[in-house]
Amino acid sequence: MHKHHRALGLAAASFRNALDVAQALSPVQPVTLTRPHAAARAARFFSEKFPGRSMYAVKANPSPELIQILWDNGITHFDVASIAEVRLVARTLPDATLCFMHPVKAEEAIAEAYFTHGVRVFSLDSLEELEKVQRATRHASDLTLCVRLRVSSEHSKLSLASKFGVAPHEAKALLFAARQAADALGICFHVGSQAMSPDAYAQAMERVRQAIVEAAVTVDVIDVGGGFPSVYPGMEPPALERYFEVIGRAFESLPISYSAELWAEPGRALCAEYSSLLVRVEKRRGNELYINDGAYGALFDAAHIGWRFPVKLLREPESTVRDHPFSFYGPTCDDLDHMAGPFELPADVGAGDFIEIGMLGAYGAAMRTAFNGFTSEQTVVLTDEPMASLYMDSDRSAVADMASNVVKL
Ligand SMILES: *Cc1c(COP(=O)(O)O)cnc(C)c1O
């Protein structure tokens with residue numbers, strides 16, 4: 001079967017699972033494994049169940065294939081943060097709506113986004129940025145301006161609380177000024193990435209309420225940002241429906257016009273399940289495995305913020321030896337290229353073994369470099385399920401709901 005794949009060219013190859021890839025290709029470089037069906041399922045989930053509009057935060061994974069999959073499954077709006085992301089999405093999806101949600105932009109980027117790519121939505125967190133947007137768009141009268149509030153990141157694994165966002169005592173003046181300049185006025189925030197509790201959004205919405213009441217302005221858009229979690233070892237969040245309920249309820253009770261819109265900017269939750277990584281163990285030293293990808297590859301978060309990803313030893317027959325905690329070294333000549341884990345693998349794992357590292361679709365592939373000559377140039381499509389999922393249960397309960405509706409009828 002793999003001869004057939006080679007004859008077709010690898011771009012067209014699709015495999016059942018990571019073990020098949022390891023056996024067929026014995027790849028010397030790490031291979032990115034994608035699961036288009038998992039990204040499609042996540043996109044449908046958000047477009048059907050979030051009680052507002054979901055736009056994809058492109059920085060989480062800017063792969064054109066992924067962006068196309070999300071579009072095909074109901075995601076029509078994209079949160080872009082740089083002019084390169086604006087151009088990428090405009091080129092990939094000419095009909096998509098782009099929202100430029102980085103609160104500190106180059107004036108040239110704003111002008112190109114507005115005049116060349118039709119971008120009308122911009123976020124900002126200072127009067128200087130408001131003036132910049134007005135100058136760059138020649139005081140356009142069709143802008144949606146979203147004021148970014150600073151909110152707590154206490155429920156999140158990755159803080160976004162210090163760099164951006166207007167402080168409470170300055171929000172009133174900025175909202176008032178933005179209202180004068182905007183066709184539509186929005187308020188946005190980001191609770192931090194991988195928010196482990198819906199309370200994060202409830203608390204942020206309370207901040208939004210205070211800001212609206214103090215500024216006494218009419219608000220047309222509430223944008224709850226990203227932060228929706230995925231599932232990793234030791235991090236099992238509540239069901240996403242719980243987040244949607246909390247956000248929907250808070251939105252309904254805000255003092256805003258009844259035609260106001262609710263937006264979200266999920267990054268991680270839409271793409272974490274989209275890809276994983278096939279790596280090879282080059283050496284074992286005690287409980288340390290030297291693998292061929294690392295901190296400068298797709299494992300930045302594993303190295304720098306101690307993120308744990310699920311791992312699986314790919315052997316047939318499966319190892320029957322008990323699991324044991326390992327740490328990883330990446331391939332570069334650099335002590336920083338170390339992933340503490342712990343990663344649980346059968347105790348007999350060793351040089352020459354292949355491992356699948358899962359849930360790397362968000363902030364994995366996106367951060368890869370070719371430092372020291374180590375990188376991954378090959379991508380292969382898989383048809384099996386991701387190593388963990390927040391969406392498979394919802395498929396099952398949808399089936400169950402349908403069944404109970406049938407009974408009721
Ligand atoms: C990074 C980012 C997102 C996506 O965050 P996730 O935690 O991946 O959902 C959304 N909006 C803005 C403004 C961001 O900077």
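Heads up, the Cβ atoms here are built off N, Cα and C, so glycines get one too.
Just so you know, TrEMBL annotations are computer predictions that nobody has curated.
Listed in TrEMBL for this protein:
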ACT_SITE  Cys333  active site, proton donor
DOMAIN    44-272  domain 'Orn/DAP/Arg decarboxylase 2 N-terminal'
DOMAIN    273-357  domain 'Orn/DAP/Arg decarboxylase 2 C-terminal'
MOD_RES   Lys59  N6-(pyridoxal phosphate)lysine
Lys59 (N6-(pyridoxal phosphate)lysine) to the residue listed as 'active site, proton donor', Cα to Cα, whole Å, comes out at 28
Counting Cβ atoms within 10 Å of each Cβ, the densest environment among the recorded positions Lys59, Cys333 belongs to Lys59
DSSP assigns the residues of the domain 'Orn/DAP/Arg decarboxylase 2 C-terminal' (273-357) as 7 helix, 39 strand, 39 coil
Over the domain 'Orn/DAP/Arg decarboxylase 2 N-terminal' (44-272) the mean pLDDT stands at 97
